[in-house]
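As recorded in TrEMBL, the features of this protein are as follows:
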COILED    A:90-131  coiled coil
TRANSMEM  A:419-443  transmembrane segment
TRANSMEM  A:464-481  transmembrane segment
TRANSMEM  A:544-562  transmembrane segment
TRANSMEM  A:582-601  transmembrane segment
TRANSMEM  A:634-651  transmembrane segment
TRANSMEM  A:753-774  transmembrane segment
Amino acid sequence: MGGCCPPMDLLRSEPMQLVQLIVPIESAHLTVSYLGDLGLLQFKDLNADKSPFQRTYAAQIKKCGEMARKLRFFKDQMMKAGLTPSIKSISQVDINVDDLEIKLVELEAELVELNANGEKLQRAYSELMESKIVLQKVGEFFHAAQSRATARHREIESQSTGEESINTPLLRDQEMASDPSKQIKLGFLCGLVPRDKSIAFERILFRATRGNVFLRQVEVEEPVIDPASGEKVEKNVFLVFYSGERAKNKILKICEAFGANRYSFDEDLGRQTQVISEVTQSLTELKTTIDAGLLHRGNLLQTIGDQFEQWNQLVRKEKAIYHTLNMLSLDVTKKCLVGEGWCPVFAIKQIQEVLQRAAIDSNAQVGAIIQVLHTKEMPPTFFRTNKFTSAFQEIVDAYGVARYQEANPGVYTIITFPFLFAVMFGDWGHGICLLLATLVFVLREKKLSGQKLGDITEMIFGGRYVILMMALFSIYTGLIYNEFFSVPFELFGPSAYACRDLDCKDAGTVGLIKVRDAYAFGVDPVWHGTRTELPFLNSLKMKLSILLGVAQMNLGIILSYFNANFFKNGLNIWFQFIPQMIFLNSLFGYLSLLIIVKWWTGSQADLYHIMIYMFLGPTEDLGENRLFPGQDRLQQVLLLLALVSVPWMLLPKPFLLKKQHEERHQGHSYAQLEITDESFFQLEQSHDSHGHEEFQFGEVFVHQLIHTIEFVLGAVSNTASYLRLWALSLAHSELSSVFYEKVLLLAWGFNNVIILVIGIIVFIAATVGVLLVMETLSAFLHALRLHWVEFQNKFYEGDGYKFFPFSFVLLGDEDE
Amino acid sequence: MYGFEALTFNIHGGYLEAIVRGHRASLLTAADYNNLCQCETLDDIKMHLSATEYGPYLQNEPSPLHTTTIVEKCTLKLVDEYKNMLCQATEPLSTFLEYITYGHMIDNVVLIVTGTLHERDVQELLEKCHPLGMFDSIATLAVAQNMRELYRLVLVDTPLAPYFSECITSEDLDDMNIEIMRNTLYKAYLEDFYRFCQKLGGATAEIMSDLLAFEADRRAVNITINSIGTELTRDDRRKLYSNFGLLYPYGHEELAICEDIDQVRGAMEKYPPYQSIFAKLSYGEGQMLDKAFYEEEVKRLCLAFEQQFHYAVFFAYMRLREQEIRNLMWISECVAQNQKSRVHDSVVFIF
């Protein structure tokens, strides 16, 4: 920690170490399981070159996959049956994995059998159902045809009784009387065809038989359950009359091709009714059988559902354990597993305990061995966050995970982020709305954290403490800006100004005189609505923005000093931190000084003019813009310093790096002669791991050049970038005053209740939609940018990787 | 407007091109194939595939796997992707995508017709059909007795109808004329597809004509080799060659009179692009020709991705996936039948 400051956990990531575990093979499973419960060790994959099925525990993983598949099958079945697996896992019995496997196999077999039986019954049932429909529809058709035919017949007869018409076929009698062999035999087929195929069906029938069929189709009103697929399909009843055996064969084939189910039908009316009653009877019988089967199946699924969560958890854990075990490499003797992993230094005691416990519990003859390895590899970054700090750390991590032990901007983000947000969102009315909304989440967090929330709600819930801080700071800045839904209040005593005479009401600031001491806190409410309100507030907020920006950028550069100091990198202190500090402060630090002096003295000097002519004519007289004595000389010195600091940043560092590199290599060639055996070995190791990288001067120099240019230009553009604080704050207050004046006050002016109600509704909708949601989002994003770009680029490398321990808690729903 | 596709292509085609390039990135690589070739059982294959995009399609399969299941599921993935793309496509891309499936349609028609000729069950045949080449009334094909009926009953409704104009005869179907029908249909299909691509113009026409010409030439060679020693006359054989491609027209004359495989080789080696293919084969060997052609095709298909703003990527992607599924089928078969020494015989690495 450098020794100077008290330990600050969040500033530096936890010290980590690489440990080697040697676990006897018989206790490996239990050990890994306990380590998963502890969740403080990140295993390294030692078998990265092996494909998944060549690893030691591939068979067990396959087994787990199989069990997971069965569980998915159960879940699927439960979903279909409309059951939900009970969330509360009844942890009655600790079930063994092997037992579970057997149990799952049994249950699956049972369920599959039940399903098959049920399906068979269902199929028979739907077939009967279809045949019943066919019987009804076709019966209706025949009946109608018959009655029509008799009617026609009667008509013809009634006609023919009168006189012999020309239409009466002459040969009728003969034809009727002719031998039955000559009579054309009309056969018919009937059945059901899916409605969407019915047209094509008809067309093909027509084509195949060259039109020598008579086809009737009737729509079945209700969708029918298809026996083959078990799904509800809309169908038509069809009835085909054909002549001849060949046609019949063709029609049969076509029916088959179209998935049209045929059913037998008897022309005889008596038989028909008999068949219908038979069908109805067997339908009711089947129905009771099916219901009994369904009940049985439901019970089975219910029992599965009660324990589903527990089983699922177990299988998932098991799978994770074997995946982890696969990362360990098998010892040559095949008696123990060797694993490597990262763990925080503080956790080593706990891990040792866990290993001991595992060894005892598994009755292993030898305990597991843990030893610390020394390595040049960069350890993972691990911050111990709590529920409050984690959201802020997320904001930083979204940009890049901190390099191991580098200064963590997350610490400062906790305050600066909500503060910069609030500078843009300053309105204590809106702040209170935001506070109330987020309090709902904060107060009910116990309840909410358990359940699944929607996508966006989850995001808001995750950032509830960020929003809480944002709301609190908004109230604070809102009080400073003295805005409550854009209305000023005289909260901290009366305004310091009053009218000189009675008629100055609309005159703005002209007729006002100061009557009391300055307004105690924030902006004097008298500014509101005056002509000079905007120029005054703009000037105030702009200057505030620059002050805040310069302060934050300075903090960033100072953090780069902490980093350099921590990593013992003198070069970065002398040739990066110091010139950067000088450059920034001699220009913009000086500007900040001028702003403060101007406020202090109430001078009317033009700061633009001063800054611009500091560059254009450093020797020119300042004239009336002089703020303090000696300013001319100071400016010249500062300008000189700024100019000097640029080559200071650029040139020495690459050359010194080159020199260092050369020295290191020379040192090695001499040093090797004198050292003893053990230290020689160590040196060799360290030498191997970091020595031989090429030093490319050109690359380093160009890198430094880019870095310098970025900083110099960035100092200007970043300072300008902080003006967004003013711009967004202006936009926010203007928008809210527009909504207040043009909607609420306008509606009020009509003296009409309906208009007032409409006005209030519009005002609330606009306030919530535009000011509370959209403005929050935009201010959030701008605050995010100011942190990621303007603040963090001064010191933050962000090229680390996160510590991701093997833990059952983190396992969660990730493989869903 | 050749060279100006970049201006307007992305209006309709950009999204799908991005999609198809994303799909392409998930094709199995040589490293995957190496791992797959080392598998001991089909479960190992499943395990390896579960780490690829095939994972979701295979994860719910119960454990004693069969090669057919693997192939079926992998094909299902391709079909899903195809359907998804077809849904999103607008003209003329949608037509282009439909053209890709016609080849499968022809194969399916031939499969069903041959099957019914040999009295197979229609349902069983339907299961063997490629899902991309399915159409509504495909099962009705079983009714037809000769080609005229085939056309009049069923195929008149399908996109294949125009291709039939050359092969409507009233002869009863037999193995020989079914095969001739397949090749005639294919010829008509390729020519039609070729014309369609020419009409699209631009990079699509350029790349597709190259790919289709290769396809046509390959078919010409295959027809020649397969018809050696059959009663097909030279003129009939000549008629089955597509009227475009590198071999058209002089190469066709030579192929038409070939009597053995070495003569085919002699005819083909006059064409530089095919020289390299035949150079790999020893004299008198026809077995490895298929693989050599597949390898050349894959190479050309991969090249199609090097250019942007054209439709050939869709064609290339579908073909590459089909090749991948063929590879998987071969590997699974070898693993299932314990013939691991032959694994490399027919696998064509894509990347």
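Positions of Cβ are set from backbone N, Cα and C atoms, glycine also.
Please treat TrEMBL annotations as automatic predictions, because they have not gone through curation.
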Winner by Cβ pairs under 8 Å against the transmembrane segment (A:634-651), considering only A:419-443, A:464-481, A:544-562, A:582-601, A:753-774: A:582-601
Contact set, same chain, for the transmembrane segment (A:753-774): CB under 8 Å, 6 or more residues outside the stretch: 427, 430, 433-434, 485, 732, 735-736, 739-740, 743-744, 746-747
Arithmetic mean of per-residue pLDDT over the coiled coil (A:90-131): 81
Contact ranking winner - A:419-443, A:544-562, A:582-601 against the transmembrane segment (A:464-481), Cβ under 8 Å: A:419-443
Distal contacts, the transmembrane segment (A:419-443) - CB-CB under 8 A, six or more residues away: 460-461, 464-465, 467-468, 470-481, 483-487, 544-545, 548, 552, 724-725, 728-729, 732-733, 736, 767-768, 771-772, 775-776, 779-780, 782-783, 786-787
Contact set, same chain, for the transmembrane segment (A:582-601): CB under 8 Å, 6 or more residues outside the stretch: 543, 546-547, 549-551, 553-554, 557, 607, 610-611, 627-628, 634-635, 638-639, 641-642, 644-646, 649, 711-712, 715-716, 719
